[in-house]
């Protein structure tokens, strides 16, 4: 079945180790230049003699052969064993012992290998293996098998197996290079970890003498007899060889960094070597135990060497199966710089920058602008930074009142309105049955009047233009008009049966609302003392009444939780001519006949039923036409905004306490609210965001009364704690003198109240 010569070669004894050494010498003498690797797809003949083995250049292996042919002082074979290669050789018993002794110069490494292989003879049959040899758990790898297969001439008894293994190994190399490129290591295939610790470029403190060949062989045939070999076997545990229960892999101290420094004093040589190599002995014995844990000892060697002579430096590229001999490209240089960014401060070559944790710098506005990468803004980064700069801080509002006045006998009644501030900067206050005036300019206090009926004052209201006439409502239903300069009562207006809770001026029209659920319009130019119109729309007493700034709409709030909006054009009705004057009031008859009430009755334009408590707080915005704000009582606690041009609700906010009063600032788009149960606070709101600007406290009881100064900066609040407090809440207005000029104009023109 077998050829006779072939069978003879198969049965011939194996060559002695000495022939292997001669092989190396012959190899070096016959190949002074760098050998050209054979094509990977060509199989070597199984009928070659011993001399033909010299042509086998061991393509695509990672063996460093460094020979000095002139003096033969040292033959240095750098055997950097890569754990990422597995050979399909079955071994029954393998014992390998490697001992490294801490010697400064020179360093001697003794390796004793005893191998008893057992092979299966397949004859002339060719049995293919799978592509990934390292993925086969039935095959184990050891250094002796690698040495026989790739370093020595082929043995006739093992030719078939070796040729098959070499071909598959070459195929694996080509396949991986096609997948990863020549610049990547095969460690990416063999390591099961998701984090790869590999060095693509040489990171050691040695010189790279790679002359564009696959075998890293640097033969310096010079007359200098000094050879300095720095063989760094840095495997760094980046190879994870699969093991199974039947075969254990022998780990022959591949993690030790050993620098062999041989110095021959034949020429003048200055070599400074500081080598600190701890003694490390690793015995890895395979006794077919079902133990897959390999003993691995890692020794870190720090070497500082200064050579001033010709140095032959042999450096393997850190376990790369295929050495990278091309000049690094720009991309590779950047990657190398990234991986070596920590080597300047640390002599340990095992520290790679790519595996270091870098603290992320805190992002600041000066570094970059945190904006969307899909932003379509045409502004530059500098412009965006400028626009995104912080706004001016909110103005500071003092939480301490600028002035506190005693107000004894002031009523603690939610339905009353007992303070008002005139355009002439005079504050009117109703205290029990009397009315007092406080001049804010001179701080003088004067008493205006005492109610003739002896009934308490229920409401006060200054005329808007002129500022010298004050309307006073009493609990007897009578409204009197006083000239404050002369301290004289000009007129008395009748029409209400009970107390008058609210008063509102609209030029020469005085509107009053009372406990009798009706609203009466009086034209003060008419001396007949008759009301011009009567508005009926509430089911309970009226406690809030305000005209819009343009004088076209009137808002009223009552204890029936209703907010009504009245149109002034609809309420104007021509008075009947020759109407007899009303009869004098008596205890048995009403001041207004039933016929007159039916003739002058109007209905509201809008009626809002969203509040759940009495509506006393009402305020029209001076900045937006038709914007109305209203506040509910204890069971509502909400501020609601309305569009009176469309009759729609805009928004609402829960304040958390009873809303007693509302007032807009004419200088800024803000409003102030006063509250009762349960917080008794004063809050300034920003509109339309309705974010609180500030909250003020000081009153010990419900803040039932509110008035704003004519300049719009100061507000006065009153409470049942018998005190009046003045607060600076709003900024000044550059056009604040405009209202004063109007007042001066109307004062000169005069308003004839008869």
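Using N, Cα and C of the backbone, Cβ positions are placed for all residues, glycine too.
Feature annotation from Swiss-Prot assigns compositional bias 'Basic and acidic residues' to 1-10.
According to Swiss-Prot, the region 'Disordered' annotation covers 1-30 (among others).
Annotated region 'Disordered' per Swiss-Prot: 47-116 (among others), in sequence order.
Annotation comment: Swiss-Prot describes 50-116 (among others) as compositional bias 'Low complexity'.
Marked as region 'Disordered' by Swiss-Prot: 200-351 (among others).
Residues or ranges marked as compositional bias 'Low complexity' by Swiss-Prot: 202-325 (among others).
What Swiss-Prot lists as compositional bias 'Polar residues' is 326-339.
The feature compositional bias 'Low complexity' is assigned by Swiss-Prot to 340-351 (among others).
Remote same-chain partners of the repeat 'WD 1' (411-448), defined as residues 6 or more beyond its termini with a Cβ less than 8 Å from a stretch Cβ, comprise 405, 454-462, 464-468, 470, 472, 482, 484, 487, 501-503, 515, 541, 543, 559, 614, 616, 633, 658, 660, 676, 701-702, 704-710, 714, 716, 718-720, 724, 739-740, 743. Here Swiss-Prot flags 411-448 as repeat 'WD 1'.
Sorting the repeat 'WD 2' (452-492) by DSSP state (H, G, I as helix; E, B as strand; all else coil) yields 0 helix, 22 strand, 19 coil. Look at Swiss-Prot and you will find 452-492 tagged as repeat 'WD 2'.
Taken from Swiss-Prot, the feature repeat 'WD 3' applies to 495-532.
The repeat 'WD 4' feature in Swiss-Prot is assigned to 537-576. Each residue of the repeat 'WD 4' (537-576) gets a DSSP state, and the totals for helix, strand and coil are 4 helix, 17 strand, 19 coil.
Under the heading region 'Disordered', Swiss-Prot lists 570-598 (among others).
Positions annotated as compositional bias 'Low complexity' by Swiss-Prot: 587-598 (among others).
Marked as repeat 'WD 5' by Swiss-Prot: 610-652. Confidence in the repeat 'WD 5' (610-652), given as mean pLDDT, stands at 96.
According to Swiss-Prot, the feature repeat 'WD 6' maps to 654-695.
Long-range contacts of the repeat 'WD 2' (452-492) within the same chain: residues 411, 416-424, 426, 428-435, 437, 498-507, 510, 512, 514, 516, 522, 524, 527, 529, 591, 742-743, 746-747, 750-751, 753-754, each at least 6 residues beyond the stretch ends and with a Cβ under 8 Å from a Cβ of the stretch. Long-range contacts of the repeat 'WD 6' (654-695) within the same chain, counting only residues at least 6 positions beyond its ends with a Cβ under 8 Å from a Cβ of the stretch, are 394, 397, 399, 414, 613, 616-623, 629-634, 636-639, 641, 701-708, 712-713, 715, 717, 719, 727, 729-733, 736. Here the repeat 'WD 3' (495-532) has, by DSSP, the following mix of helix, strand and coil residues: 0 helix, 21 strand, 17 coil. Applying DSSP to the repeat 'WD 1' (411-448) sorts its residues as follows: 0 helix, 20 strand, 18 coil. Applying DSSP to the repeat 'WD 6' (654-695) sorts its residues as follows: 0 helix, 23 strand, 19 coil. Sorting each residue of the repeat 'WD 5' (610-652) by its DSSP state yields 0 helix, 23 strand, 20 coil.
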